[in-house]
Amino acid sequence: ALQTGGAVRMAYRWCLIQLVLLFVIAAGNSHDNETTTHTISTGHAEALEEIKTDPPFEKVPEIFRDFKYNVIKGIVLDLKWDAPDDLTTVYSYTLICKQDGTGQQHEFKGEAPARHITLSLQQPLATFECSITASTSKDGDVPINGSSIPFAVTTGEINPPNDVKLLESTSTSLTYSWSTVTPLNSWKVSAEPLGNDNCDLNGDTNGHGETKNMTVVHNITDLTPGSEYNVSIRNCFDSFCGLPAFITGVTDFPGPVTGLKTSFVNGTVLNASWDTPEGCWGYDGYTVICRDPNTGQKLSLTAGSEPHFLLPLRKPKEKFECSIQPFVLNSAGQRRNAATLEFQVSTEGLYPPKDVEIIEYTDTSLTLEWYVDRDSTTWKLTADRISPSGIEHDVTQDSGKSGAETITHKVTSLVPWTRYNFSIVNCRDNYCSEPVGLIAATDVAAPSKPGSFHCVVENDVNVQLTWEKPEKPNGPVEGYSLRVHNLDTEETRSYSVPGNTTSIILNLTHEFNRFTAYLKAYNVAQRNEENVYSPESEVSFETLGQGPMPSRPKAVNVTDHGAKLYWEWPQDPRHHITRFTVTVDGQQTVQTTEPQLTLEKLAAWKPYKIGVASCVNETYCGQEGTLLVHTDIGAPSEPLNLTVDSWGTHWILARWEEPNVLNGPLSGYNVSFRDDAMHFEATTTQLSYNYTGAVPGTVYEVAVYAFNEAKGVTKHGPAASLFISRRDEPLSMASLTTTRILLASLGAVTLGLVVVCVVLHRKCPVTSTFYSTVIEHEREHPREGRRNKLAHT
């Protein structure tokens, strides 16, 4: 029976252990790879302790309290727990982790109460079945296991370097920094050269140390200058490293070439050589540039890997600014330039002027600018005018000192639109350089006025205008600008006429109209693309038409209701004019034999079209000459329906309507408020005005009149007016009803009192005698009587 009971208890214990293991494994598989902490409660520990304790040691105290574990740094198992402070028996503990699948096992032993241990599981992304067991022994006996906790963990991986940056590069080193997600205790860096097998950096460069603020700084040394490397960086913990981060790094060049030696072959070919770089590396080529500082012209060549070159400078006796820049080609065939060595070389002699150019020109001057040889002290210039036949004459000579790098000289008193041949030389002492020639022309100028400008009228409205070319064209005469102005319609038409034309025929369409034509020739200035015009020639003429020539009326005086007209008697050789017909707006017709007429009874401020026709007799008249007349403004009529229909304690609102007759633009209204003590006026364009300075209990005269204003003249019409008694406030109907009741009551009471007084006066002798005495006393003493009467009252 005892054996059977022991077997049952043992089976029960193993069943509980398997349940706990399943719970721990499930919890372990769901935790974060890096920092998730797992806690096994005290209750589980007690149960395990009860199960695992052998019968002889049932009193083994609880070793693992608040047991927690997690995985740090990807592969490091971190365990923590609390042990009893009163533990007297010496206990040890054993941590065993076995990898699933491979069976690889890691074991760690220690003495209790350590409370915190770490164990590197070494293998990333793997699952381990672990257990920690407490044990003890007495007097050297075989250890007896106590409480045990099983659990499962899964390792993560060490994150690759993040945010890799190149901090510094020299010719032999590269310094990088990168950030980590978790703390590290080591890292590996390798640098593999690209495209240079002779200068390899073999193996990895290992680094160890603590990270600062999760940032690592590592310096790769002993590199080859001017080389390109494929750098690999891996984060590690113990012997395990994570995935690498790759970055391409390039070391600096050691500096410009050294040991430069220069000489000249045949005076103009630069011969240069220098030292080769030391070590196992070299440059792929060299770029040589020589620049003329006076002209900016550059000569260049690309040499091979050999440290020398020959460069023809071609120009004798010149100074050049040169440079040598080595370069290498990277793995992609791209060029990387090293530091540049700059130097100067000089030839001997005197150069002719360089870059001679015209920087400004007008119709009578040309401004030249050129570079001089720094060794020259003077310069000379000649200018020969080239005639259309090609013969040069009128030679102009100038000279000056060469005190600056460039010379700017203005040649004046030249002829417009003329070509000149310039020759310039640099000189020193008794020697001058070879001449530099330049042909340039002055700009055009305005032509002289076109000559013989006149007009012929054909077929009444067709005119032919003719003229002669300007005597001094001062250019090719690009064209003519023609303006024809109609004096009657105030219209102007513009025409562009080619420069090779001297006549034009126009159809002006308007019969019996006066015209003035203006003609001017022009050239186009090359310096600004603007036209330069000659003075104007002008001619006046008049078109013809059917019938007598019309009159051309003018307004002598215009009022608001009339206009006085005047016109000249037309001189028409084709017809004998005896009288005139005047029409107003095409309706009212008046005949007169005088060249003047006064129109009356016109409406104010109104435009009228007045036509005057010349007549041979009463029935045969020609076309009208027209005139537009606008009568002056008049005074408007009285404003309508002036009312005051609302007021307040200190305000009165007046309203009115627009007058029937405006006689103008109706510029506004003048409104006034007057009482015995003051007068207020205001101007408004509205049909109402609110006066806010009213005094209660005052009678006001309100007046308003309209006015027109034009050309500084103001005319106003009659005023509409009314009187208003200013009360405190308009009474409501309820207030009026109450007031009427009170007044009626007071009236009844007053009437009753009067009746009583009369009756008493008649029946009371004392009262009668008293009044008689008072009256008699007042007659004798008027002043005293008035006082007594006042007192009696």
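Along the chain as shown, the residues are counted starting at 1.
Backbone N, Cα and C atoms are what each Cβ position is placed from, and that goes for glycine too.
According to TrEMBL, the features are:
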DOMAIN    160-256  domain 'Fibronectin type-III'
DOMAIN    352-447  domain 'Fibronectin type-III'
DOMAIN    449-547  domain 'Fibronectin type-III'
DOMAIN    549-636  domain 'Fibronectin type-III'
DOMAIN    638-730  domain 'Fibronectin type-III'
SIGNAL    1-30  signal peptide
TRANSMEM  741-760  transmembrane segment
DSSP puts the residues of the domain 'Fibronectin type-III' (549-636) at 0 helix, 43 strand, 45 coil
For the domain 'Fibronectin type-III' (352-447), the DSSP residue counts stand at 0 helix, 57 strand, 39 coil
For the domain 'Fibronectin type-III' (549-636), would you mind checking the mean pLDDT of the predicted model?
92
